[in-house]
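Read the structure below first, then the notes.
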């Protein structure tokens, strides 16, 4: 009974509309990642669901029930704040215990509950410390423990890994999915980190400018981003974007790059002659030893442990990033050729930034319908 | 940690001493005066050597004022008690009304909230003398003149705006997320106010209460006009020392020492609350 449904949610601060008509559906027990740049309205949206902020229009339904008029303390939600929001005058134990004291548990039940969750999150040795004496990682775990301790049916996690160091963030990214699955709660997880989003979400909703611009599985968001902006936000190194004008002949629709044909999906024939951007993931490109493919000049290479990223330029000095698994051979300098897997190419309208769908309709148009 | 050179430290100590002496000297001198007779005080040139006497304190406490013109009785201890009563009850009432009001102004932006808050502050703009005449007339008509209740009420003009505006700032400094977190954990708004907002604004409330207490204690004009002898605080009562037969410096000094002692003690006691910065480390900025 913890299905979250938002209908046309609107929130204004003074005259600025921070959320303009959010519709969202999070099935019971699933995890939705709310992804977006800062200022997109992610935190406000979470607060509306928690009841800390009152929406101006629309409704929030939890478990099928409209909770618009339900006070935050009666919504049965666990929430972890980005800034932790620990109670500075209470020790870690009392912080974690606060949801339990509210529902009138006995001292023994409270102790047992806090101990269990503290052991789970490996903070059982610092329960007597005040927040001031905790490290950032411990604060973050304490805040998480406080959200989890009463086994809420709905968990709202507002970028809980934002303020912890890289090592801990990586560990938590691995631990969290299991932890959330064990809870069996419906989770909305806010983040600005696309890796976190891909790792944790059953679905990802991309929020920008107070609107959801795409809502899909991590795979969909990565493979078929709705806009150029989303394509840029997901993936490291970032997607290559090249100005092209699709053309067609007897053999199908194609774009040209350095006089080479890149075959496009025949469904894109409606966009022939339109000013477009071709999006190519760096890992969809590969070097070839044969003398076919796009001729490029190698400019620089950045080796990472697991992959190597090469910056190349085309004949017309357009820069392209190519990513390949480490230890695969590649020409170190001079001229080379790259091949492109056309299935990985995505086409965007250059004017609107919206992805052009091979089925003839753009994603945005689909959504509006 | 300390990179200062010895010379720098000596100079710093000297500067600090100079400042302390400058500010504390009048009080030090009054303490000395309170331990002397009128004759030794009025010696010329003044001298630091004298035989200390507690006669002044004895006279004030017993209420028997001896002067060269004869003996008269004063009610200084009664005045002191009045000061304590008026200040304590005024501050208590102002805290009771002002702290919840400050919380409301800090957290709930309702229509006209700024105007109401400003109106309350504006009570402090008007010179007290301006409002005293109408106030006296009203109080006489209502039977509030020369009552503790009436005085405590009028003292709210001094204490309430002060507490309201200082405490409001402290409430605003508490991250709303901390309160939201407590609400979402399942506690009602009143529990949140009591368990989160009040303790976290504690130092601010202590500071505001102390300031209000000092202002109330030092108030002169309201009590002078609205209270008769038996309800007057020390500020007004001190006028009795200026007699036809001369000014009793020693006794005035003793009275001053006794009347600043309570505020001084209160300030020393409240100091630990004032310096305690509880909010540190609570949220990541």
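Yeah, the Cβs are placed from backbone N, Cα and C, and that goes for glycine too.
If you look up TrEMBL, you'll see B:80-270 marked as domain 'ABC transmembrane type-1'.
TrEMBL lists B:12-32 (among others) with the feature transmembrane segment.
Residues or ranges marked as transmembrane segment by TrEMBL: B:84-106 (among others).
Long-range Cβ contacts of the transmembrane segment (B:118-141) within its own chain (Cβ-Cβ under 8 Å, at least 6 residues beyond either end) map to 150, 154, 157-158, 160-162, 164-165, 221-222, 225-226. Positions annotated as transmembrane segment by TrEMBL: B:118-141 (among others).
Per TrEMBL, transmembrane segment is recorded for B:147-167 (among others).
Per TrEMBL, the feature transmembrane segment maps to B:204-229 (among others).
Marked as transmembrane segment by TrEMBL: B:249-270 (among others).
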Maximum Cβ pairs under 8 Å to the transmembrane segment (B:204-229) - stretch from the list B:12-32, B:147-167, B:249-270: B:147-167
- request: Could you tell me what the rest of the chain brings near the transmembrane segment (B:12-32), counting residues at least six beyond its ends with Cβ under 8 Å?
  value: 4, 48, 253, 256-257, 260
- prompt: In the same chain, which residue numbers or ranges, 6 or more beyond the ends of the transmembrane segment (B:147-167), come under 8 angstroms Cβ to Cβ?
  reply: 85-87, 89-91, 93-95, 97-99, 101-103, 105, 117, 120-121, 123-124, 128, 131, 135, 139, 201, 204-205, 207-209, 211-212, 215-216, 219, 222-223, 226-227, 231
